[in-house]
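> Sharing a structure below in C-alpha cells format, with a few things to ask.
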Amino acid sequence: MAFENKEMAKRYWGENLKVMTILLAIWFAVSYGCGILLVEPLNQITLGGFKLGFWFAQQGSIYTFVVLIFVYVAKMNQIDKKYNVEE
Amino acid sequence: MDIQTWTFILVGITFALYIGIAIWARAASTGEFYVAGGGVHPVANGMATAADWMSAASFISMAGIISFIGYDGGVYLMGWTGGYVLLALCLAPYLRKFGKFTVPDFIGDRYYSQTARMVAVFCAIFVSFTYVAGQMRGVGVVFSRFLEVDINMGIIIGMCIVFFYAVMGGMKGITYTQVAQYCVLIFAFMVPAIFTSIMMTGNPVPQLGFGGTLADGSGTYLLDKVDGLSAELGFNQYTDGSKSMVDVFFITAALMVGTAGLPHVIIRFFTVPKVRDARISAGWALIFIAILYTTAPAVAAFARVNMIDSINGPDMKGVAAEQAPGWVTNWEKTGLVKWEDKNGDGRMFYSGDERNEMDINRDIIVLASPELANLPNWVVALLAAGGLAAALSTAAGLLLVISTSVAHDLLKKGFKPNMTDKQELLAARLSAVGAVIAAGYMGINPPGFVAQVVAFAFGLAASSFFPAIILGIFYKKMNKEGAIAGMIAGIAFTTAYIVFFKFINPELNTPENWWFGISPEGIGTLGMILNFVVAIAVNKVTAETPQEVQDMVESIRYPKGAGEATHH
C-alpha cells in the first residue's frame, strides 16, 4: 500500500473523483449543452461572423476539450504530490 | 512540372522516409513489438496517436461532409475529439498503471474470466477489421486519382509499405513512422487551408477567417454569405441543422464514447513510461488532432462558397459549359462530378431544388480544394502524400491490434500458454502478415457493407468495451457475471438495431421508424446505457468479486509503482 493508511487512500480517491466530476460537467455543458441542446437560443448571439451555438459546435467545444485535459493533468499532479503517490 | 510528376516525387520521398524509420526502429522483443518497450516520449506518443486516429476519413472525407451538411457536421467534430477527454480523465492513466499489453488483457484479468477475455478479443478484432478495410480502399483511391495506376495496384503498393514497417518494427516501428506521418499529413492539410483563407478573407488563420468578413470589400461575413446562398438556392441553412436534436445528441455521444473505447487508440497509452505521461500524452494527442479538426470546418465553408460561386457564376445564372471551371472538367473525368443540362440552356447550375443540374461527390472537396482556389500543382501533390500518410498510419495501428489480439490474447493467454517470448514474437509477426493480406483482399474486393459498418465499429466499441472498462475501474465490486452480461446485452442490442435498419430493411431506415428518433449511427449510445444497466443489475444478484481483484482495482487508482508494461 502506497498510502499511510486506508483513510488517506480514500481521501486521495475522493479528491480525484471531485476533479474528474467538475471537469466532466464542463465537458458536457460545452459540447452537449452549448453545442446541441441550447444551440438555438445561443445562435441569437453572434461572435464576429459566428452564431454562438454554431461556433460551440464546430470550434469552441474542441478548444475547451484541450484545455480540460491540461487542467486535469496539472490538478492530478498536484494531488499525487500532496498524497506522496507520484512516480 | 505537372501534378503527376510532383506526386511521384513527394510520395516517393515520404515512402523512403517511412521505410528508413522502419529499419532504424526494428522490434527485438514482444515488449517492443506490442508497446514499443514502454519508452515513448509523451509528445511523440501524442503525435503518433493523432496520426493513428486521423484516418483517410478524417483527412479526405470529413471536411467534404461538413461542406454539404453544415451545422450537423458538428457531430463528427465534437464526437471525434470529445472522446479524448473521456480517455484522459477516465481510462488512460488507470489502464497504464494496470500495465499489460492489450484491452482484452485488462478485461480478462479484471473480470478474472477467460470468457470475458474472449468476448473482448472478438470485439477488438471485429472493430479493427471493419476499420482497416476502409483505409486500404482510401490508399487505392489516392493512388488511382493522382498516379493514374490501377486501384488494385495502388492497394498492393500500400500493403507492401505497411507490411514492411508493421511486421518488422511492430509498435516501435509504427510509433516513429506515425510521428513522421503526422508531420506530413498536417502540413499537407494546412498549406491549402491557409492559402485559401488568405485569398477569401485576408486572414492567414483559417479558424479566424471562418468567422471573418470576405476579402472582396463587401464587408459581408463569410458565414452570412453561405447562409444567404443556401437560402437563395434552396439548400438547408448552413449554420442550422436538418437532423433532429435527439439524433445529433445520440450520434455525438456514440462517436465520443466509441472513440474512447477503440482498442487501437487505448493501446497507445500503454507505450509511455509513466502514468503521468499517459495523462499528458492524451492532451498532446488532442492538440495535434484539434489543429486539423478546427481547420476542417473552415475548409468546408470556404469550399462551399467557392464551389457555388464558380458553378453559378457572378450573376448567379450559371456559367456556360465551355467556360466551366477547371476543377469541374478535371473531376468530371473521374465520374465524381456530373453535369446534366436539364433545361437545355448550355449553362451549369447548382442548387438544392429542382433547378439543380450538378451531381458532386462529397469526397472530392478536400482533394479538389487546391484547384478550387487555383493553387499551384505541388500543393495538389502534397495533398496526395498527406492522404496516403493518414490512411497508412491508421491501417498500421489497426493491423497491430489484430496481430496482438491473435498472438497475445488468443494464443499466449488462450490456447498456447507455454509459448516462449521468441515464439510469441514470431506468432505476432505472422498474424500481422495474415492481417495485411486479409485487409488488402478486403480493399480490392470491398464487401458492399464497408461504408455502412463504420457506424458499427463505433457503436460496438461504445456498447461493449467502454462500460466494461469504466465499471472495472470505478466500481470495484463489479463482478464477472455483471460485466459479461452487460457486454453481451450491449453488443446484441446494438448489432440487432444496426443490422435491422442497414441490411434487413434499409427501406425502413427513416426517422419515423427509428426508436425515439435515434438513427443507427447513434444507437451505440443506447447500447452503452443498456450495458451499464444490465451489468449493475446482474452484479446485484450474483457472487461478490474476489478480494484480490478488489485489491488490484485499488492499486490501479494511484500512479506510484507503475513499471513498464509487462506480461505478468
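We count from 1, first residue shown onward.
From the backbone N, Cα and C atoms, a Cβ is placed for every residue, glycine too.
From TrEMBL, for reference:
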| type | residues | note |
| --- | --- | --- |
| TRANSMEM | B:6-25 | transmembrane segment |
| TRANSMEM | B:53-71 | transmembrane segment |
| TRANSMEM | B:77-95 | transmembrane segment |
| TRANSMEM | B:146-167 | transmembrane segment |
| TRANSMEM | B:179-200 | transmembrane segment |
| TRANSMEM | B:248-270 | transmembrane segment |
| TRANSMEM | B:282-303 | transmembrane segment |
| TRANSMEM | B:378-404 | transmembrane segment |
| TRANSMEM | B:425-444 | transmembrane segment |
| TRANSMEM | B:450-475 | transmembrane segment |
| TRANSMEM | B:482-504 | transmembrane segment |
| TRANSMEM | B:516-538 | transmembrane segment |
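Mind mapping these onto the model and telling me what they sit next to?
Nonlocal intrachain contacts for the transmembrane segment (B:6-25), taken as residues 6+ away from its ends with a CB within less than 8 angstroms of a stretch CB, comprise 146-147, 161, 164-165, 168-169, 172-173, 175-177, 180-181, 184, 377-378, 380-382, 384-385, 388-389, 392.
Here the transmembrane segment (B:53-71) has Cβ contacts under 8 Å with residues 77, 80, 131, 134-135, 137-139, 141-142, 185, 189, 226, 230, 236-242, 259, 265, 285, 289, 292-293, 296-297, 299-301, 303-304, 307, 362-367, 369, 386-387, 390-391, 393-394, 454 of the same chain, all six or more residues outside its ends.
Beyond its flanks by at least six residues, the transmembrane segment (B:77-95) meets 53, 58, 66, 103, 106, 251-260, 265-266, 269-270, 275-276, 278-279, 281-283, 285-286, 289-290, 293, 296-297, 469-470, 473-474, 556-557, 559 of its own chain at Cβ-Cβ distances under 8 Å.
Listed by sequence, the residues of this chain that lie at least six past the ends of the transmembrane segment (B:248-270) yet keep a Cβ under 8 A from its Cβ atoms are 34-35, 38, 45, 48-49, 52-53, 72, 74-76, 78-80, 82-84, 86-87, 90-92, 95-96, 99-103, 124, 127-128, 131, 171, 241, 278, 281-282, 285, 394, 397-398, 400-401, 404-405, 455, 457-462, 464-466, 469, 518-519, 521-526, 528, 565.
Cβ atoms under 8 Å from those of the transmembrane segment (B:378-404) belong to residues 1, 3, 6-7, 9-11, 14, 18, 34, 51-56, 58-60, 101-102, 124-125, 128-129, 131-132, 135-136, 138-139, 142-143, 145-147, 158, 161-162, 165-166, 170-171, 174, 177-178, 181-182, 184-189, 191-192, 195, 263-264, 267-268, 366-367, 369-371, 428-429, 431-432, 434-436, 439 of the same chain, restricted to positions at least 6 beyond its ends.
Beyond its flanks by at least six residues, the transmembrane segment (B:425-444) meets 27, 29-30, 33-34, 129, 132-133, 135-137, 139-140, 152, 155-156, 158-159, 162-163, 166-167, 170, 395, 398-400, 402-404, 406-408, 411-412, 419, 450 of its own chain at Cβ-Cβ distances under 8 Å.
With a cut-off of 8 Å between Cβ atoms, the residues of this chain six or more beyond the transmembrane segment (B:482-504) that come close are 107, 110-111, 113, 115-116, 119-120, 123, 449, 452, 455-456, 459-460, 462-465, 467-468, 471-472, 513-515, 520, 523-524, 526-528, 530-532, 534-539, 542.
Remote same-chain residues near the transmembrane segment (B:516-538) are listed as 243-244, 246-247, 249-254, 257-258, 455, 458-464, 466-468, 471, 475, 478, 481-483, 485-487, 489-491, 493-494, 497-498, 501-502, 509 (criterion: CB distance under 8 Å, separation of at least six residues from the stretch ends).
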